[in-house]
Amino acid sequence: MKRSSAALLSLLVCLGTAACGPKGGGRSDLTSRVMFTANGSYDAQADTRDRQGGGLRRVLWQTRPPLDAHTVTVVYDSDARPLGWEMQVEAPRFSAQEVAGRGAREVQTPDGDGFRPAGGQLRDVLIVKTSSGLRLLTRGYAEHHRPELAPAFGKR
């Protein structure tokens with residue numbers, strides 16, 4: 001009896017631990033990786049880090065991109081990186097819709113069709129489909145560096 005109780009307790013602990021742990025895959029993991037990439041968490045593994053002028057910096061990953069894509073480039077405002085960045089994702093193995101998530105609003109921009117996520121961490125990000133992949137940019141970046149895209153964000 002003690003043996004079966006111990007086995008049952010071990011099984012319950014194992015199942016409980018697995019149920020509380022992070023889930024693999026899914027949009028939340030993709031959203032997190034996008035945000036960590038944009039905010040600098042993977043900069044140490046980048047192939048290139050340089051200054052672009054005008055207060056902008058660029059980070060480029062080619063050999064080991066932090067997202068499931070061929071190449072990832074982030075250009076950001078060095079004074080306000082979390083609020084002002086643009087990410088170019090070349091040959092992604094995920095779609096704009098996957099990044100945008102459910103409830104995303106379709107928008108038209110001078111650069112092409114795009115999406116505006118309905119909420120969450122990407123609520124102030126525009127996702128635009130390009131011929132080679134995706135471009136993601138914050139409202140702050142668009143207002144200062146890509147004003148032609150700012151109307152796609154709508155009113156605050």
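Just so it is clear, glycine is given a Cβ too, placed from its N, Cα and C backbone atoms.
These numbers come from a predicted model, not from an experiment.
The signal peptide feature in TrEMBL is assigned to 1-19.
Taken from TrEMBL, the feature region 'Disordered' covers 96-118. Under DSSP, residues within the region 'Disordered' (96-118) fall into helix, strand and coil as 5 helix, 10 strand, 8 coil.
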Outside the region 'Disordered' (96-118), six or more residues from its ends: residues with CB under 8 Å to it: 27, 30-31, 34, 125-130, 134-136, 148-149, 152-154
